[in-house]
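Just below is one structure, and these are the notes that go with it.
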Amino acid sequence: DGMGVISTKTKLDYESQKHYTLIISLSDGGTTDYATVFIKVIDVNDNSPEFGTTSTTVNVLENAPPGVSVTSVSATDVDEGFNGLVVYSLKGGEGKMDIDTSGLIFLEKELDREKQDSYNLAVIASDQGQPARSTALNVTVIIDDVNDNPPVFPSSRYEVSVPEDEGLGMALLTLSAADLDAGDNALVKYRVVSQQPPTAAPVFHVNPTTGQLSLSQQLDYETIKQFEVEVEAYDGGQPSLSSKTLVVVHVLDVNDNPPEFSQAAYDVFVFENLQKGSPVYTFSVADKDEVSTKLDGTILAAGSVDRETKDKYELLLVASDNGAPRRQNFTHVSIQVLDVNDNPPQFTKAQYSASVHVATAKEGQFVLSVFATDLDAGDNAVISYSLMDHSDDFHINTSTGEIALSNNLGHIRADTVVTLTVVAADHGIPQLTSNGKSFNDVNDNPPVFSTWIQTKLSAPENATALDLGTFSAADLDIGVNALISYSLQDDFAGTFHIDSSTGKLVTIKSLDRETMDSYELKIIATDSGKPPQSASLVLSLTVEDVNDNPPVFPQKSYSVTVRENEPPHVILSAVATDEDIGYNAIIHYTITGETTSFHVGELSGNITTLEPLDYESRSQYTFTLRAFNPGEPNLQDTASITGSSALHRKFTVEDVNEEGPMFDKPSY
């Protein structure tokens with residue numbers, strides 16, 4: 001202006017023009033002078049640092065080591081000096097990432113996608129002006145999955161019970177394994193890796209996608225009663241990770257086998273002097289099924305046996321089990337009656353007569369024949385003839401019964417009547433004669449038990465007055481020498497008794513398998529001769545189990561603590577015991593009361609949670625575990641008889657610090 005003051009007409013911008021050159025003139029009206037003015041624009045911090053974009057997204061593998069670069073950012077500031085000097089800082093990242101002075105974002109700590117799969121970062125670019133100016137850049141870091149987690153089954157062991165007649169393809173149970181990874185790394189498939197015991201063809205198949213375990217071969221309880229199947233779950237990662245679980249398959253018996261005789265037909269031999277009620281033969285019938293009872297049957301003589309009336313019997317035996325449906329089998333028994341010398345020879349005539357001319361009689365001349373028959377068989381029916389009194393004039397052929405002259409009869413007067421008594425004797429033991437008498441006996445034969453007597457017996461426990469059969473012996477002597485009495489070497493404190501006359505063996509006291517499961521009984525048969533002779537027969541008696549003992553838990557109550565939020569798993573294994581055996585000792589488990597959160601293995605007794613527990617919802621559970629067996633009688637409902645045990649279990653849920661503190665009002 002006229003005063004020589006230079007002023008700005010518009011706002012200066014250092015970033016547009018940093019200096020100006022002015023030519024000014026000074027004039028007094030006549031003379032003019034000129035001067036050059038140099039004006040330098042001084043920078044002011046009026047610009048913030050700038051990124052090329054407002055946000056960016058980057059990916060990093062979860063297994064990247066600390067120190068690795070995540071991404072690099074860059075901001076510029078058009079100001080000069082400290083006003084344009086940019087420094088970087090990082091917000092977010094939870095201590096996992098940091099940034100250096102060049103704008104390089106790097107890992108500070110290891111990552112775990114399964115815990116956090118992304119991070120939202122804010123990169124702050126600030127200049128050094130006074131006051132400082134800054135700009136933020138949003139950076140999203142996506143954590144890419146690495147296959148570092150195998151599939152995991154909720155339990156390392158499963159148990160399932162399957163009837164042996166279950167159809168092929170039927171689902172037994174569905175296995176499920178979880179994988180914390182993502183994508184293909186979490187794509188779980190299943191396969192059977194082993195089966196014990198092994199079979200020619202695999203018995204079980206698992207669906208590779210659904211994990212459903214099913215039958216591929218028919219089960220047979222009588223061949224294999226239990227399988228252990230190892231199933232593997234593997235993911236789709238490279239390399240693939242896997243884990244295994246064990247499935248125990250209990251094969252349940254079904255009555256699919258009939259009782260079996262050891263032979264399709266039996267040939268049995270008995271002597272005809274068998275007494276009424278005496279045992280003829282005892283059969284032990286096997287049944288491959290478990291549900292059936294061991295079958296023993298003894299054929300008894302219902303009446304007197306007489307070979308001369310009937311020498312052979314044909315029987316059809318039927319054996320039935322106790323299963324449902326009931327199954328039967330058959331066998332043929334041929335009983336051949338052996339002869340005993342109980343019939344004396346009988347002459348066809350009571351008296352024989354003949355005439356001989358004394359004058360012409362010559363030595364060796366045939367006089368007459370006598371003939372006797374014997375209803376017995378074999379040597380018992382072979383007859384020899386003899387004269388009761390010796391005769392000088394007559395002799396008899398011992399085999400044919402022909403009577404002939406021993407010499408001429410010159411010394412006998414005509415019309416003389418000669419009476420001869422012929423004795424017909426068989427070859428049996430004892431030897432019988434035509435007058436029905438036997439020769440004087442000597443006690444030279446001991447009693448003999450038949451080799452056909454069944455010596456392996458069985459009897460149920462808890463029953464009294466059991467008839468175990470009649471065990472009689474025979475003695476080839478006669479009279480007193482054949483009179484047999486029976487005794488037991490050991491009656492086990494009066495548990496057993498044998499009739500001394502008949503040999504009938506019975507129980508006096510009830511048997512208890514849990515105290516003694518078998519006996520060896522020695523029967524002694526002694527005749528009444530002088531001196532007496534004896535024989536012995538050893539019987540093996542097996543006591544059959546009856547379901548008379550309930551399952552028993554080792555203790556009456558348990559207290560278990562379970563942490564909340566844990567996945568379903570086995571929290572307690574309760575095992576009861578049963579003093580019975582076989583089918584009567586099979587124990588089943590069930591729970592009553594709380595059934596929505598807990599499950600018990602029907603045969604294992606393993607108690608598992610069905611879902612994660614929540615302490616804040618419910619901190620304590622109480623329910624009852626019952627053990628029972630399916631034997632007959634079923635002990636489940638008859639506590640007063642069976643003493644079945646109910647086990648009370650108290651479960652406490654342990655708190656996990658998953659809830660932060662909360663005000664009771666949103667504002668005050």
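Keep in mind that glycine also has a Cβ here, set from the backbone N, Cα and C atoms.
Annotations in TrEMBL come from automatic prediction, not curation.
Note that the structure is predicted; figures quoted are calculated from it, not measured.
Taken from TrEMBL, the feature domain 'Cadherin' covers 4-51, 52-153, 154-261, 283-347, 364-449, 451-553, 554-663.
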Q.
If you average per-residue pLDDT over the domain 'Cadherin' (283-347), what number do you get?
A. 79
Q. The domain 'Cadherin' (4-51) and the domain 'Cadherin' (154-261): do they have three or more Cβ pairs under 8 Å, with pairs 6 or more apart in sequence?
A. no
**Q.** Composition by DSSP (helix, strand, coil) of residues within the domain 'Cadherin' (52-153)
**A.** 7 helix, 46 strand, 49 coil
